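Colleague: Positions annotated as Mg(2+) binding site by TrEMBL: Asp31, Glu218. Taken from TrEMBL, the feature active site covers Asp31. Taken from TrEMBL, the feature substrate binding site applies to 32-36, Arg44, His48, 76-78, Trp80, Arg82, Arg199, 205-207. Taken from TrEMBL, the feature active site, proton acceptor applies to Asn79.
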Amino acid sequence: MSSIASTTPIAQHSKVGDEGHAPKHVAVIMDGNGRWAQARGLPRIAGHKEGVEALRKTVDACKALAIEHLTVFSFSTENWRRPKAEVDALFALLKLFVKKDLNRLHKEGVRVRIFGSLDGLPADILKLIDECESKTAQNKVFNVNIAFNYGGRAEIVEAAQKIAADVQAGRLSPESIDESIMQQHMWSSDLPDVDLLIRTSGELRISNFLLWGIAYSELMFLDILWPDFGKVDMERAIDVFKNRNRRFGGVEPSKVIES
Ligand code: IPE
Ligand code: IPE
Ligand code: MG
């Protein structure tokens, strides 16, 4: 039991009764691009393009608010079910974003990671992932993490496969598998737990995002379509977060009555 308590990742980042603090790690399910376009009589792809502008504004806002990590859901393992033209456009937009923004972000000291399943990704996207990682690996000002071809269940399955291989090879004993070992085998292994998860568009679901890392996140579902999201919305979300009372299964120290 003690290994569970001592390796619970949330303990490293937040504690009971730390209201008033800004989140270190904000994750966003950027949803509603299609509806934004539809409302204007435009093709869905126009919504995705506008969504990239919202991402730029959000990166700047989080950096200014001294948040350490922003993780965004850009393409899910389930989004392959969309029409090929839309999938192609989403891939093209990722490439364009990196081409246009990577140098500027690098100069600003931003570390950029793209993570998710590598299965089915074309060579140019694999190259892009490497380029972002290698160019910005030493940057410390802020972290932008792009979940691309990401699925929370697939991430856990792959971690289990890697751990099973380590056990089979004799590098790991089954008894030594704990939360920290699981964390180390995730695609998102070097990201802290998510403090605040925001989903735009009004949908009330997680859609297979960061299942492991959101165990104790504060959740916020906003009735804003992603292309309309901006600095003020992020500032408001952070203010609301600061007033949330996080307990992590414990009791606030001020409410403990000694008998
Ligand atoms: C989010 O917007 C972007 C991706 C999922 C890639 P959607 O494209 O899901 O927009 P809606 O939900 O259809 O409005
Ligand atoms: C989640 O949005 C995925 C991304 C934002 C990349 P979806 O629009 O794909 O989720 P569902 O289908 O509404 O659950
Ligand atoms: Mg959607």
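Just so you know, glycine gets a Cβ as well, placed from its N, Cα and C.
Model, not experiment: these values are computed from the prediction.
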Colleague: Filter the binding-site residues Asp31, Arg199, Glu218 down to those with CB closer than 6 A to an atom of ligand 3; keep them in sequence order.
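Modeller: What lies within reach of ligand 3, judged by Cβ under 6 Å, is Asp31.
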Colleague: Tell me the coarse DSSP state (helix, strand, coil) of Arg199 (substrate binding site).
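Modeller: For Arg199 (substrate binding site) - judged by DSSP and reduced to three states - the answer is strand.
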Colleague: Would you say which of the binding-site residues Asp31, Glu218 has the most Cβ atoms within 10 Å of its own Cβ?
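Modeller: It comes out as Asp31.
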Colleague: Taking ligand 1 as the reference and 6 angstroms as the Cβ limit (strictly under), which binding-site residues among Asp31, Gly34, Thr77, Trp80, Ile206 are close?
Modeller: Asp31, Gly34
Colleague: Tell me the Cα distance separating Asn79 (active site, proton acceptor) from Gly34 (substrate binding site), rounded to the nearest angstrom.
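Modeller: Cα to Cα, Gly34 (substrate binding site) and Asn79 (active site, proton acceptor) are separated by 13 Å.
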Colleague: Among Asp31, Thr77, Arg199, Ile206, please name the binding-site residues whose Cβ is nearer than 6 Å to ligand 2.
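Modeller: Near the molecule: Asp31.
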Colleague: Any idea what the Cα distance is from Asn79 (active site, proton acceptor) over to Glu218 (Mg(2+) binding site), rounded to a whole Å?
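Modeller: Glu218 (Mg(2+) binding site) has its Cα 25 Å from the Cα of Asn79 (active site, proton acceptor).
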Colleague: Which residues of the same chain, at least 6 positions away in sequence, have a Cβ lying under 8 Å from the Cβ of Thr77 (substrate binding site)?
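Modeller: Residues satisfying the criterion: Gly116, Ser117, Asn149, Tyr150, Gly151, Ala154, Asn208.
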Colleague: Quick one: which of these binding-site residues, Gly32, Trp36, His48, Arg199, Ile206, have their CA within 10 A of Glu218 (Mg(2+) binding site)?
Modeller: none
Colleague: Return the residues near Ile206 (substrate binding site), defined as same-chain residues 6+ apart in sequence whose C-beta is under 8 angstroms from its C-beta, sorted by sequence, else 'none'.
Modeller: Ile29, Gly152, Leu197, Arg199, Ile214
Colleague: Go through Trp36, Trp80, the listed binding-site residues, and name the one with the sparsest Cβ surroundings, counting other Cβ atoms within 10 Å.
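Modeller: If we count Cβ atoms within 10 Å for the binding-site residues Trp36, Trp80, the smallest count is at Trp80.
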Colleague: Rounded to the nearest angstrom, how far is the Cα of Asp31 (Mg(2+) binding site) from the Cα of Trp80 (substrate binding site)?
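Modeller: It is 16 Å, counting Cα to Cα.
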Colleague: Would you identify the secondary structure of Trp80 (substrate binding site) according to DSSP, in three states?
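Modeller: In three-state terms, Trp80 (substrate binding site) counts as helix.
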Colleague: Fill in the CA-CA distance, His48 (substrate binding site) to Asp31 (Mg(2+) binding site), as an integer in Å.
Modeller: 10
